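Here the structure comes first, spelled out in C-alpha cells, and everything after it is commentary.
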C-alpha cells in the first residue's frame with residue numbers, strides 16, 4: 001500500500017524544478033509517479049502537464065491576485081497556488097476539494113503558516129474570475145508562450161503563427177506504429193477493435209494509427225511482444241524519405257530512445273543498423289526498445305561531431321540524422337519545452353547541427369541518402385540550415401523535399417494531427 005501523499009504539493013515542486021532549475025519533466029515525473037498509487041499517477045501527470053501548458057496564464061493571474069511575489073524558500077508556494085488555479089480553471093475536480101487539497105499541500109512543503117494565504121488567494125480568484133479572465137484574454141499572455149518564441153514564430157510564419165500556437169496548447173493525440181513484421185496495419189486494427197478500442201489509419205504513413213482515446217501501453221494488443229510502438233505520425237514520416245533496404249549499412253545518428261532505429265529494422269529487417277547517441281543514459285532505452293521488439297543493432301555511445309572516434313573510416317548506404325534541436329514542434333507533447341528553452345539556444349543548436357552535418361557527410365557512400373530531420377519549426381534549424389549546407393557542399397543534392405531556395409518539408413504542429421517536424425532528403429552525387 002503506497003503512502004498517501006499530497007499530489008498538489010508534489011506537482012508544485014515538480015513544476016518549480018522545471019521552471020527554476022531547468023530540469024526536464026520527463027526526468028522528474030516518473031520517479032514521483034512511483035511514489036503514488038496507480039489511480040493518482042494520471043492526476044499527478046495532469047497537474048504537472050496542465051500547469052506547464054498554461055503557466056503564462058497562471059503566472060499572470062497570481063501577479064494580479066498578490067501584491068508581492070513569493071520568493072526564496074517560499075517560492076514553492078507560488079507554484080502550489082498555480083496548481084490550485086489550474087484545478088479551478090481546467091479540471092472537473094469540485095472546487096471545494098481542489099481548494100482543500102491545495103491548502104493542505106502547504107503542510108507537505110513545510111509551510112503550514114501559509115495555509116491562510118493560499119486559501120485567500122484562491123477564494124479571491126473565485127470571486128473575481130469573470131473580470132480577471134476577460135482582462136487576461138485581452139493580453140499577450142493569452143498565447144501561453146514565452147515572448148521570445150512568439151516573436152520567432154511570428155517572424156517565420158506571419159500567416160500561420162496563431163494556428164501553430166493554438167496547436168501547441170492542445171493535448172496531443174496518441175499515435176502508434178504497427179510493426180509490419182508481425183501484423184499488417186489492418187489486422188492489428190481488428191485486434192484493437194476486439195480489445196474495445198478504436199484506431200484510425202494515417203493517410204500517408206503506412207504503419208501509423210491514431211487512437212481515438214489515449215490508452216496505457218499495457219492495454220494495447222501485443223505491446224509487450226513488440227507488435228506496436230508509441231511514436232508520433234510525423235516521426236514515422238522519416239522512413240518515407242529514408243526508404244531503408246535489406247542488406248544495407250544504415251546509421252541512425254542521435255538515435256535515443258530508439259524509435260527510429262526499430263522502425264528502420266521493421267521496414268528492412270536484414271539491414272545492418274548502427275545506432276549512435278551521445279547520451280549514455282538514454283542509450284539504455286534504445287536497448288530496451290530493441291529487446292521488446294526482438295531486434296538487433298550495433299549500439300554505440302558517441303558524439304556526432306567526431307564520427308571517426310566511433311566508426312573509423314566506415315561509410316554507410318543511408319544515414320538518418322535526427323539532429324539535436326529546440327523541439328519547438330513537440331510543445332503540445334512536452335509543454336516544459338516552452339520554459340526550458342531560451343532564445344540564445346537557437347543559434348547554439350544551429351551551430352551544433354551544422355557541425356554534425358559536416359562531420360558525418362564524408363561517412364555517406366557515393367549515391368547514398370542522408371535524411372536530416374528535426375522536431376523543430378524554426379527555419380534556422382531547418383530550411384536555412386539545409387540551404388547553407390547545400391551551398392558549401394558540392395556533392396550534396398536535395399531530393400524530393402522542397403526546392404534549393406526553400407529546401408525540406410516542414411510539417412507544422414497539428415497538421416494531420418501530427419507533431420511539428422522537418423525533413424530534408426539529401427543524395428551524395
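Cβ atoms here come from the backbone N, Cα and C positions, even for glycine.
Swiss-Prot lists 254, 255, 256, 257, 258, 259, 260, 277, 303, 322 with the feature S-adenosyl-L-methionine binding site, giving sequence analysis as the kind of evidence. In the three-state DSSP scheme, residue 303 (S-adenosyl-L-methionine binding site) falls into the coil class.
Per Swiss-Prot, active site, nucleophile is recorded for 375. Counting every protein chain shown, the Cβ of residue 375 (active site, nucleophile) has 26 other Cβ atoms within 10 Å. Residue 375 (active site, nucleophile) falls outside any helix or strand according to DSSP and counts as coil.
Put simply, residue 375 (active site, nucleophile) is 15 Å from residue 258 (S-adenosyl-L-methionine binding site) when counted between their Cα atoms. For the pair residue 254 (S-adenosyl-L-methionine binding site) and residue 375 (active site, nucleophile), the C-alpha distance works out to 13 angstrom. With respect to Cβ neighbours within 10 Å, the binding-site residues 254, 256 differ, and 254 shows the lowest count. Counting in whole angstrom, residue 256 (S-adenosyl-L-methionine binding site) lies 14 from residue 375 (active site, nucleophile) by their C-alpha atoms. Contacts of residue 303 (S-adenosyl-L-methionine binding site) defined by a Cβ separation under 8 A and a same-chain sequence distance of 6+ are given as 278, 309, 310, in order along the sequence. The Cβ of residue 260 (S-adenosyl-L-methionine binding site) lies under 8 Å from the Cβ of 235, 238, 239, 252, 320, 322, each of which sits 6+ residues away along the same chain.
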